[in-house]
Amino acid sequence: MTTSTSQSAGRSLAGQLVAGVDSSTQSCKVVIRDAETGALKRFGSAPHPDGTEVDPEAWWDALQVAVSAAGGLDDVASVAVGGQQHGMVALDADGNVVRPALLWNDTRSAGAALDLIDELGEGDAEAGARAWAEQVGVVPVASFTITKLRWLAQHEPENAAKVAAVALPHDWLTWRLAGDGPGSRAGGNSLERLTTDRSDASGTGYFDAASGEYRFDLLERAFGRRIGVPQVVAPGAVARESGSLVLGAGTGDNAGAALGLGMAGGDVAVSIGTSGVVSAVCETPVADPTGLVAGFADATGRFLPLACTLNGSRVFDAMGRLLGVDHKQFAELALSAPPGAEGLTLVPYLEGERTPNKPDATGALHGVRLGNTTPAHLARAAVEGVLLGLADGLNALRAQGVPVHRVLLVGGAAQSAAVRQIAPDILGVPVTVPQPGEYVADGAARQAAWALSGADEAPEWGLAGAKEFGVSDEVDASLADRYAQAREMTFGA
Ligand SMILES: Nc1ncnc2c1ncn2[C@@H]1O[C@H](COP(=O)(O)OP(=O)(O)O)[C@@H](O)[C@H]1O
Ligand SMILES: O=C(CO)[C@@H](O)[C@H](O)COP(=O)(O)O
């Protein structure tokens, strides 16, 4: 991300710095870049606590640490926050967090999701799924905020009674950066100053990406009463100002990555972080009644159809721990076994699964024989299993008419030599691996520069050096079928 072309419109960005934040599941990352050229100036990061429910204060603390590690924001003109999607941050009338946030990978609201589908379909689940897809572009699963609100109303009525507004992680951090929160230095009714953007709002289940409108009727249906929601700030607009610091709208992390990668039509991002994600930027909204593809919005005014699994890089982390090896050794092991791991197949549902929707499923190892019970075969089966889940996501996107011209591999696990090399064979297409980087934070930084310039479009920051990985002639032709059979044999719904 080093080259530049000059701005066609808007204020000059020359000599200014912008910051982008990625408040993701496992950590907070901050990049500080030259607003005009996109050149990286400074970087900082800090870990987040483990678990699927987290006190948002921990994100705020991690943001402070990451910002200081990046040299602070004193010389920065604008900042925008990208964040893990869907997490429910429930706030009381004074702006206090009512309970720890339930994250995107918390599956306790799976039953609430089924109830919401049934209710909209008046007892017919298929009709209900169609109705949700048509009305808000998504079919409820445990990840989406609306199901978490229903869970809260049913299981913690005392907490639910206190809720005055609901926000997402990036909304809440933007609000805190602007000086709002309990005992707000910004004063007045600070809940009314909560902001979001259409990308993150579209992951709630009570916002329609196609029309750009909240669906308060669905929110009320889920929670039992109307509560406050953040104002939706247009892509590239200024959300808030804090002294001389301009705050951009911010974005859901996957839309942030799309902006950071400068994705165009035909580009598909495969991201392997905590989540495994396949997403594309499209001009028209997607409404998939199977629920495999979520019809989200992107951070530029377009759309971001997306399939997401709960089981990405942590499958490799877990298998690496089991085998007593680090990431590098794990990749070497995986590459030392033959394609298809001689029949050993891992269904990687270690955290349950979302795509397909099997929240209570567990992982399973199939085809175990004397000849394939080696660390190398297990490492290979893990890499193949995660990628096979993403191949299903890629096919689901294709089934929605999404063109696939170029696949970009990003996320923490894109650093794995095994993932890079095996991905083209499993996905069935060549894969482009951009230089290792923080593309969500980069997208947020680009959005911050866009807000600062006031231009119609985000500044053009080039994408520096990428490597191409092709499909090899060693593909195990039976692997996809074996995986499909094994996938159906997992325990749990
Ligand atoms: N070389 C590697 N091989 C495999 N996994 C890796 C490698 N480097 C980092 N990871 C994993 O990537 C994950 C962090 O990636 P990241 O995209 O930042 O996640 P998230 O955005 O979900 O917080 C961790 O699970 C980490 O162990
Ligand atoms: O739920 C989704 C997308 O719908 C996840 O992609 C989250 O947005 C978390 O992302 P990572 O922390 O894994 O990047």
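The backbone N, Cα and C atoms fix where each Cβ goes, glycine too.
Keep in mind that TrEMBL annotations are predicted by a computer and have not been checked by a curator.
TrEMBL lists 19-232 with the feature domain 'Carbohydrate kinase FGGY N-terminal'.
Asp22 (site 'Important for activity') is surrounded by 30 other CB atoms, counting those within 10 A of its CB over all protein chains shown. In this structure, Asp22 (site 'Important for activity') is part of a beta strand by DSSP. The site 'Important for activity' annotation in TrEMBL covers Asp22.
The substrate binding site feature in TrEMBL is assigned to Gln85, His86. Of all Cβ atoms in the protein chains displayed, 28 besides its own lie within 10 Å of the Cβ of His86 (substrate binding site).
What TrEMBL records for Asp253 is active site, proton acceptor. In the three-state DSSP reading, Asp253 (active site, proton acceptor) counts as helix. Of all Cβ atoms in the shown protein chains, 31 besides its own fall within 10 Å of the Cβ of Asp253 (active site, proton acceptor).
For 269-452, the entry in TrEMBL reads domain 'Carbohydrate kinase FGGY C-terminal'.
Summarising the environment of Gln85 (substrate binding site), the number of other Cβ atoms within 10 Å of its Cβ, over all protein chains shown, is 30. Proximity to ligand 2 (Cβ under 6 Å from any of its atoms) holds for these recorded positions out of Asp22, Gln85, His86, Asp253: Gln85, His86, Asp253.
When pLDDT is averaged over the domain 'Carbohydrate kinase FGGY C-terminal' (269-452), the result is 98. Closest in space to Asp22 (site 'Important for activity'), of the recorded positions given as Gln85, His86, Asp253, is Asp253, taking the CA atom of each residue.
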